[in-house]
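The next block holds one structure in the form of structure tokens; read it before the comments.
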Amino acid sequence: MKNIVLIGMPGCGKSEIGEILAEKIEMDFIDVDVFIESSTSRSITEIFKNGEDVFRDIESIAVMDLSKKNHVVISTGGGVIKRYENIINLKRNGIIIYINRPIENIVSDINIEGRPLLAKDPGRISKLFDERGPLYKKYCDYEVMNISEINDVVNDIIQIYTKSQAK
């Protein structure tokens, strides 16, 4: 069975939704950022100190490895869409679902600690949304709005996944 790959802005709910989703449909859950921290024994913030390109290289290797797995829910980092090779790898064995959450909801809820691109400039979230929003829409197979209860969002994804597997 294919993987379910969650993409979207930092703070859109990918990790929380992914954990609940995986539990509900009895799949393993992998958060790419947590996987990177575990495999490098360094925090994302520490890696970013060497530059965003260094982080993106490590992220691409992680995505390549994780995309070879089967029947897992993968929560990606918000910038995974910046490298098309990541999308190719993730689509090879997965359906990509864009968790779209209104920017004002993200801004009101997001914890910028541990988010190197936002820590220096909290207003940057709007810039990232403008830059990345079109890419999320372009590369996703399905888009789900995160504007209701988490369980409603999870159930929407389960319906999408079930229909996609029946094809």
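Just so it is clear, glycine is given a Cβ too, placed from its N, Cα and C backbone atoms.
As given in TrEMBL:
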{"type": "BINDING", "residues": "G11, C12, G13, K14, S15, E16, R115", "note": "ATP binding site"}
{"type": "BINDING", "residues": "S15", "note": "Mg(2+) binding site"}
{"type": "BINDING", "residues": "D33, R56, G78, R132", "note": "substrate binding site"}
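Restricting the binding-site residues D33, R56, G78, R132 to those with a CA within 10 Å of the CA of C12 (ATP binding site) leaves G78, listed by sequence position. In this structure, the C-alpha atom of G78 (substrate binding site) lies 9 angstrom from that of G11 (ATP binding site).
The most crowded of the binding-site residues listed here (K14, R56, R132) is K14, judged by how many other CB atoms sit within 10 Å of its own CB.
The Cβ of E16 (ATP binding site) has I150 as same-chain neighbours under 8 Å, each 6 or more residues away in sequence. DSSP assigns C12 (ATP binding site) to coil, not to a helix or a strand.
Packing around C12 (ATP binding site) is summarised by its Cβ count: 26 other Cβ atoms lie within 10 angstroms of its Cβ, all protein chains included.
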